[in-house]
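**Q** What TrEMBL records for ASN106, HIS111, GLU116 is oxalate binding site. Here TrEMBL flags HIS109, HIS111, GLU116, HIS155 as Mn(2+) binding site. The disulfide bond annotation in TrEMBL covers CYS34-CYS49. Annotation source TrEMBL lists domain 'Cupin type-1' at 61-209. Positions annotated as signal peptide by TrEMBL: 1-24.
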Amino acid sequence: MARLQLSAIAACAVLLALAAPSLAGDPDMLQDVCVADLKSSIKLNGFPCKADITADDFFFAGLKKAGNTNNPAGSNVTAANVQSFPGVNTLGVSMARIDYAPGGQNPPHTHPRATEIIFVLEGVLEVGFITTANKLFTKTITAGDVFVFPRGLVHFQQNRGHGPASVIAGFNSQLQGTQAIATTLFAAAPPVPSDVLAKAFRVGTEDIDAVKAKFK
């Protein structure tokens, strides 16, 4: 009986060990392809499979052109994730193109479901991420350089050149999720109470309200 119990425990340990990698990112595939049916009313962790698929489902042309950077951040993110590129459903990968006007930035944000790696197409960027120990790792990168941002850590990119800049980003998730820090705190709906933010930032509520007004 003891040997049987030990064998059962060992079997459970092996199953848990084999399952552990799947917890680090998107679930593993159970079939060759599963093009996302974005119109389905079925709700599940991911997207259900579309019945009729073609080669076009595995093609995306949206990263060819620069995005419109005429906005307060001076940047534009063009995503090639499952919401715009259904063919990557269940594949655990996605991409994006990020364009920056001179002085533009991709503000501090996190991706809760993916590590991000970028390749610089043009321009000069200051990039960085902050660890959970509040240590900043930052570097200036130019065309042809590659930089990686670990999953879940706050990171940013700032155009330090005199002209436009752009990068191609890769993610190990079909839908990486993006949470912009400032927008999350100051433009949540319903709003985060001003006194909560005032205490966190050690300023007055009037200062918080002034910042919130800029995000309306």
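Backbone N, Cα and C define each Cβ position, glycine as well.
Please treat TrEMBL annotations as automatic predictions, because they have not gone through curation.
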**Q** Within the domain 'Cupin type-1' (61-209) only, compute the mean pLDDT.
**A** 97
**Q** As a quick check of your reading of DSSP, tell me how many residues in the domain 'Cupin type-1' (61-209) are helical, how many are strand and how many are coil.
**A** 22 helix, 59 strand, 68 coil
**Q** Identify all same-chain residues not among HIS109, HIS111, GLU116, HIS155 whose C-beta atom falls within 8 angstroms of the centroid of the Mn(2+) site's C-beta atoms; report them in sequence order.
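**A** Other same-chain residues with Cβ inside the cutoff are THR110, ALA114, PHE129, PHE149, LEU153, VAL154, GLN176, THR178.
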**Q** Just to be sure I understand the packing, how many Cβ atoms besides its own are within 10 Å of the Cβ of CYS34 (disulfide bond)?
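**A** A 10 Å sphere around the Cβ of CYS34 (disulfide bond) contains 20 other Cβ atoms.
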**Q** Other than ASN106, HIS111, GLU116 themselves, what residues in this chain have Cβ atoms within 8 Å of the centroid of the oxalate site's Cβ atoms?
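**A** After dropping the recorded site residues, what remains is ALA96, HIS109, THR110, ILE118, PHE149, HIS155, ALA169, PHE171, GLN176, THR178.
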**Q** Please list residues from the chain of HIS109 (Mn(2+) binding site) whose Cβ is under 8 angstroms from its Cβ, counting only those at least six apart in sequence.
**A** VAL154, HIS155, PHE156, THR178, GLN179, ALA180, ILE181
**Q** 10 Å Cβ neighbour count around HIS111 (oxalate binding site)?
**A** 22
**Q** How many other Cβ atoms sit within 10 Å of the Cβ of ASN106 (oxalate binding site)?
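**A** By my count, 25.
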**Q** To the nearest Å, how far is the Cα of CYS34 (disulfide bond) from the Cα of GLU116 (oxalate binding site)?
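**A** With the alpha carbons as reference points, the distance is 23 Å.
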**Q** Give the distance between the Cα atoms of HIS111 (oxalate binding site) and CYS49 (disulfide bond), rounded to the nearest whole Å.
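**A** That comes out at 25 Å between the alpha carbons.
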**Q** Please report the Cα separation of CYS49 (disulfide bond) and ASN106 (oxalate binding site) in Å, rounded to an integer.
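**A** Counting only the Cα atoms, the answer is 33 Å.
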**Q** Tell me the Cβ contacts of GLU116 (oxalate binding site) under 8 Å, same chain only and six or more apart in sequence, or just say none.
**A** VAL148, PHE149, HIS155, ALA169, GLY170, PHE171, GLN176
